[in-house]
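Presented below is the structure to which this report refers.
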């Protein structure tokens, strides 16, 4: 049963106008497309007790149209044989997944932990083919903030996106959350300059910056996104767009916008802000992407 979503005339007009900024995201699919056309995303995370984080990211990637999704868990054995509700997602250990070929993009860090195995996993992802796009989130960012070798590998990654919340940004900069929030523009620019990455500084009016672009200020979203797992979903959305061939900066900006706009769709359709669960975001983003594509 598909959820029923709708938007008012003004919301439709506003969202269609914004979508014009993301031409690679909102385009019709060719009739002769196949799963290989839309790329393979690898999601690595999920230390013991945190298996749900990569599931949220991987399922979001499926909802946003990725051709194939693999999920790797930072555990010695798989936490489950198949993901209930998402049998399409192929499972592996994090160590096993980092050795696989045929990956177009990565989302790493969701519930990963910061133990030695986690550090090795992030390093292995960054040391692969430097043309593979990489999203680092959550614990992968915490590892970057403390491990010099991993930071050096990150600087050599051509297509790198970092998605810190203010506390993670503060750790990357060696400063405080208050200082990050006092000048978010300076913070997002500085992180990008230090690590040579596109940076998505999450929060109210998420900022996206790359070294050669102006800062994108995201206007979508509402307080419903303040829920556990929301960031994992964002990482999956951005990773999915990268795997599908969307350019790095556009994928970061469009991912942030779709993530927030999905929450706006849910609020307008069902009146839900408080109590929104992270798993409800991606189905709304899927609906929105398809509705916009058909409307343009």
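Here the Cβ of each residue, glycine as well, is placed from N, Cα and C on the backbone.
Remember, it's a predicted structure, so these values are computed and weren't measured experimentally.
Residues 202, 203, 204, 205, 206 are given by Swiss-Prot as AMP binders; from 192, 224, 229, 231, that same site also lists 231. Here the binding-site residues are 202, 205; the one with the fewest Cβ atoms within 10 Å of its Cβ is 205.
For residue 202 (AMP binding site), the binding-site residues whose C-alpha atoms fall inside a 10 Å radius of its own C-alpha are 165, out of 53, 113, 165, 232. Take 202, 203, 204, 205, 206, 231, the residues named in the record as contacts for AMP: the widest Cα to Cα gap among them comes to 14 Å.
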